[in-house]
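The structure under discussion appears below in the form of structure tokens.
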């Protein structure tokens, strides 16, 4: 999107801002030690990638190491409560499940870093939502950490929004993804219900939506899942005629919708929660089909609705 060379280590500024806020704010807790070491590993991987373009395997190894350090420090989900069924001890499964979550979300944020201010803005919205819920639940540590990270990201956005003066690079995208994944695990610490695990998934609706349909697109179009393409959410909106700025603002609006939905979900009854998730899934599928996120022929839901409407017309027509 840019024709001139741009500084790509802006993410390091985000990390330094967070580190200063962390130490000045005096929010040190023993359980944060592993998170801090993991963050240093993630930032090191990001800086090396921005400077030397590491291979995907090396980057993944670094992310797995960071996630392992977090889990080894004791931060993992041990219990899972399923509505109407009961509570289960995850046992050894708590390790791979927590590691998978941290690595998956770290990469999901990195994948949407395609336009000026996009990844930083979506991350800020997600972190703000986590802060609101942490405040409502009285979780002071998570709330404080969210505010520190949010302040650093918003300050960075002044220089990263279109037209950007600096890029966050992989350093910033990986660090923000890591931070969001760890903050959500902190919120679920030790025990989690199946539905409370859905909350961080909804908060991260935009990157998860884009990543999910990227996988579907490559499977449907018979391309390697790891193959890069120019059909992500922001690419499709640009192709439809939206300007760079309006594309970013529209995706911000999607992110805000998911964030508000997550907050409502956390305060809803079981059936209200199910309704919210169903509505979001329908919205996501319709959006993907309308903008051609998979391909122009992929419209299973819209085809189903048309057949349903034709069938209802025939039934009512025969009744007359």
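Cβ atoms here come from the backbone N, Cα and C positions, even for glycine.
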Listed range which TrEMBL flags as transmembrane segment, given the options 34-52, 300-318: 34-52
Contact between the transmembrane segment (9-28) and the transmembrane segment (195-216) (at least 3 Cβ pairs under 8 Å, separation 6+): no
Residues from the same chain, set at least six apart from the ends of the transmembrane segment (142-161), whose C-beta lies under 8 A from its own: 10, 13-14, 17-18, 21-22, 25, 27, 32, 116-117, 120-121, 123-124, 127-128, 130-131, 134-135, 167-168, 172, 176, 179, 183, 186-187, 248
Seg_contact(the transmembrane segment (195-216), the transmembrane segment (270-294)) with at least 3 CB pairs under 8 angstroms, min sep 6: yes
Cβ-Cβ under 8 Å with the transmembrane segment (173-189): same-chain residues at least 6 beyond its ends: 11, 14-15, 18, 31, 35, 38-39, 42-43, 45-46, 49, 63, 66, 70, 75-77, 98, 101-110, 113, 119-120, 123, 126-127, 130, 133-134, 137, 139, 141-142, 145-146, 149, 153, 196-197, 199-200, 203-204, 207
Chain residues outside the transmembrane segment (34-52) and at least six past its termini with a C-beta under 8 angstroms from it: 8-9, 11-12, 15, 22, 58-59, 62-63, 65-67, 69-75, 106, 169-175, 178-179, 182, 186
For residue 170 (Mg(2+) binding site), nearby residues of its own chain (Cβ under 8 Å, 6 or more apart in sequence): 11, 45, 46, 49, 50, 59, 110, 113
